[in-house]
Amino acid sequence: MSTRNPAQSHWGVPKGQRTELYVYNTLTHSKVPFVSNGSNLTWYCCGPTVYDASHMGHARNYVTTDILRRILQSYFGYNITFVQNVTDIDDKIILRARQQYLFEEYKKQQGTNKSHSEAREKVTEAWFAYAKKNLPEPPSSMSEWPQWLASHDIPTLAINNPKLPMHVDALKSALDALQVSEASEIISLDGFWPKVQDVLVPLLDAELGSTVTDPAIFRKLAAYWEDDFNKDMANLNVLPPTAVTRVSEYVPEIVDFVQRIIDRGYAYPVTDGSVYFDTEAFEKGGHFYAKLEPWNKGNRELIAEGEGSLAALTGKKRPGDFALWKASKPGEPSWDSPWSKGRPGWHIECSVMASALLGSNIDIHSGGIDLAFPHHDNELAQSEAYFDCPQWVNYFFHAGHLHIEGQKMSKSLKNFITIKEILKKFTPRQLRLAFLLQQWNTQLDFKETLLAYVLNIEQALENFFRTVRALMNETEGVSANGGHVPEKFDKLEIELLEKFQQTQQNTHLALCDSFNTPLVMQHIDNLVTQANIYIREVGQQPCSRLLGQIASWITSMLQIFGLDENGHPNAVGWSSSKGSSSENTDAMPYIRAVSSFRDRVRELCIAKASSQEILKACDIFRDYDMAALGVSFNDRPQGSALVKLVDAEELIAAREQKLEEERAKQAKKAQAKAEQEKKQVERVMKGKTSPSEMFKMFKEYLSFDEAGLPTKMRGEDGSEIDVPKSRKKKLQKEYAQQEKLHKEYLSYIESNKS
């Protein structure tokens with residue numbers, strides 16, 4: 001395994017004026033002073049390889065790059081020429097386009113075969129070929145599949161073979177489709193083909209891939225996913241590039257670029273018509289290879305991955321050499337060149353396109369950290385060989401990896417979340433906030449605790465903006481009506497002003513420290529907390545002028561970070577996540593609501609209604625009419641209510657929640673009352689029998705006095721005897737208790753007659 005022992009190359013500080021800004025530069029793996037030649041910057045960003053949907057890893061990379069670009073442009077004031085490429089010639093695109101085409105053609109062909117026996121045979125053949133290629137000790141028959149699964153610990157094997165679970169799932173899916181189709185003797189197009197696609201397309205490609213010759217097949221796939229990528233970036237509020245370079249439009253320039261490297265002695269053609277970069281000759285010529293990650297210089301796995309899955313690799317002088325031009329085989333798109341009909345290597349594409357627009361020295365080059373070696377290291381080598389210069393790029397910005405709940409994302413493992421999927425759960429602003437809260441060049445773990453923190457910060461900022469807007473509107477109303485608005489800064493105002501000034505200074509220092517946005521957001525959060533404390537402590541008339549300046553500055557910083565695509569200068573707060581402001585400027589709905597309220601109050605007064613009825617009408621106006629318009633009235637202990645403009649759906653949801661809580665409270669109260677009444681009835685019914693009759697139902701008593709108390713009873717021998725004194729005393733006590741209960745019973749009956 002590679003280590004980081006090899007020393008990195010010397011990095012030269014660019015010529016120009018030093019500033020306060022220090023940036024993390026992957027060329028040194030440290031923070032270095034940012035030096036530019038004037039106010040103009042050139043920036044090349046590695047764009048997408050367009051063969052599939054963009055995922056969260058892309059979001060982290062491109063939104064993070066966008067944040068850095070916005071800071072340099074809008075905070076530090078640089079004019080940036082931002083060039084981003086589209087890789088539309090690549091082995092992944094060739095394979096995906098070819099396999100999709102062959103799969104669709106095969107489905108059409110089989111659509112005329114009613115028995116589909118040929119399709120089952122082909123999928124069965126593909127199943128065994130796929131298992132043989134991708135499984136350790138594959139089963140020799142499909143009947144052995146359950147035994148194979150039981151005897152192999154997939155999670156443990158996946159530690160050294162991460163793609164194994166994906167292959168197992170593909171085989172499971174295809175086998176299930178085969179078994180279902182055999183049982184029913186028919187093939188359901190919806191159920192069969194999607195399940196067998198992953199195992200079938202490699203076999204179709206191996207047998208028929210060389211027959212695919214139409215260039216439009218490859219371009220169609222790339223064009224579709226390029227458009228899809230652009231839509232995702234627009235949805236994420238990523239600024240468009242100054243220029244987009246598409247590889248297919250720069251092939252002649254690439255051929256010329258490769259020829260010049262050959263002429264300088266840093267590349268060599270081989271017998272199959274491919275051209276390779278000579279890393280040994282490059283270093284002997286006084287250059288340094290693998291500036292970014294020298295410890296990976298001999299990492300054959302990364303080198304092979306960078307060459308692509310269709311690379312022939314014949315005729316290379318040494319393993320570390322890489323392709324500048326690939327001779328195309330049948331079934332691969334090709335262009336003319338002095339060496340062969342072929343296509344560009346992956347790494348040369350970016351070198352040529354960046355140099356074509358930005359020249360022999362570029363201020364900033366950016367991309368994901370996974371591209372550092374070999375892609376970016378090879379870019380540097382090619383360009384420095386072409387220009388024979390020591391430093392083609394001054395600063396390399398690499399966005400850190402993205403993990404999901406601690407797990408690495410990978411397209412090949414099919415465990416990635418697409419941008420469209422994540423935007424169904426979170427807004428673009430919330431995603432950007434999540435990226436802002438993590439230092440741009442470090443690993444980000446996208447997990448529930450981070451998202452909960454993001455939602456809390458977003459809500460805290462929104463509540464602060466609403467309160468400040470409400471206080472500013474209130475002050476404007478007082479002034480408009482000729483009222484007095486105090487402007488004096490007392491102790492609390494001075495303390496808040498000092499906190500504001502310190503936050504501005506701390507924010508500047510944090511941004512100068514390699515764009516430390518997590519620290520900036522912490523400073524902003526602390527300032528909001530301090531401002532809220534001030535509002536509570538100062539009482540009825542907080543200084544809306546100072547609060548407005550604080551809120552406006554915070555808003556401007558959030559706009560710089562790209563958190564408000566519809567923001568405008570001097571705004572207080574961001575627009576809603578749906579793209580429209582919650583402060584509706586159309587006055588008619590409000591006028592109509594006030595007019596209707598006036599009519600109701602007028603009718604109540606004419607009818608000489610009670611004050612309670614009028615207050616009820618006021619509550620309806622507040623909780624229903626105005627809530628539907630996004631207006632909140634917050635009653636205060638003294639004076640007028642504080643008026644806020646809030647999203648109507650939020651107010652309605654809060655009202656319904658409050659009503660639901662009240663209904664639950666009343667239901668609980670009613671249940672308690674019913675239980676109490678039940679107990680009362682049970683007690684009352686015990687007194688239904690008159691005390692004068694209560695003992696006459698017992699046969700042991702033979703005679704009674706006028707009140708109904710027993711005087712005679714049967715003795716043990718059956719003879720008549722006087723009631724003993726001890727018994728008489730007990731009976732008198734029971735009589736008194738029943739007399740009390742009977743009175744309660746009679747009273748209850750009387751009271752419930754109505």
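Note that Cβ sites are derived from N, Cα and C of the backbone, with glycine treated the same way.
What Swiss-Prot records for C46, C350, H375, E379 is Zn(2+) binding site. Counting every protein chain shown, 28 other Cβ atoms lie within 10 Å of the Cβ of E379 (Zn(2+) binding site). In the three-state DSSP classification, E379 (Zn(2+) binding site) falls within a helix.
Marked as ATP binding site by Swiss-Prot: K411.
What Swiss-Prot lists as compositional bias 'Basic and acidic residues' is 672-685 (among others). Sequence-distant contacts of the compositional bias 'Basic and acidic residues' (672-685) (same chain, six or more residues past either end, CB-CB distance under 8 Å): 741, 744-745, 748.
Residues or ranges marked as compositional bias 'Basic and acidic residues' in Swiss-Prot: 713-725 (among others). Listed by sequence, the residues of this chain that lie at least six past the ends of the compositional bias 'Basic and acidic residues' (713-725) yet keep a Cβ under 8 A from its Cβ atoms are 699-702, 731.
Secondary structure by DSSP for the region 'Disordered' (664-686): 22 helix, 0 strand, 1 coil. The annotation region 'Disordered' is assigned in Swiss-Prot to 664-686 (among others).
Positions annotated as region 'Disordered' by Swiss-Prot: 709-736 (among others).
Sequence-distant contacts of the motif ''HIGH' region' (48-58), counting only residues of its own chain at least 6 positions beyond either end whose CB sits under 8 Å from a CB of the stretch, comprise 86-88, 90, 92-93, 96-97, 221-226, 228-229, 232, 368, 401-402, 404, 409, 411, 416-420, 422, 446. What Swiss-Prot lists as motif ''HIGH' region' is 48-58.
The motif ''KMSKS' region' annotation in Swiss-Prot covers 408-412.
Cβ neighbours within 10 Å of H375 (Zn(2+) binding site), excluding its own Cβ and spanning all shown chains: 22.
A helical conformation is recorded for C350 (Zn(2+) binding site) in the three-state DSSP classification. On the 0 to 100 pLDDT scale, the motif ''HIGH' region' (48-58) averages 95 in the predicted structure. Under the DSSP three-state reduction, C46 (Zn(2+) binding site) is assigned to coil, being neither helix nor strand.
Taking each Cβ in turn and tallying the other Cβ atoms within 10 Å, the top scorer among the binding-site residues C46, C350 is C350. Each residue of the compositional bias 'Basic and acidic residues' (713-725) gets a DSSP state, and the totals for helix, strand and coil are 1 helix, 5 strand, 7 coil. Listed in chain order, the residues near the Zn(2+) site other than C46, C350, H375, E379 are W346, H347, E349, S351, H365, G367, L371, H376, N378, each with its Cβ within 8 Å of the site Cβ centroid.
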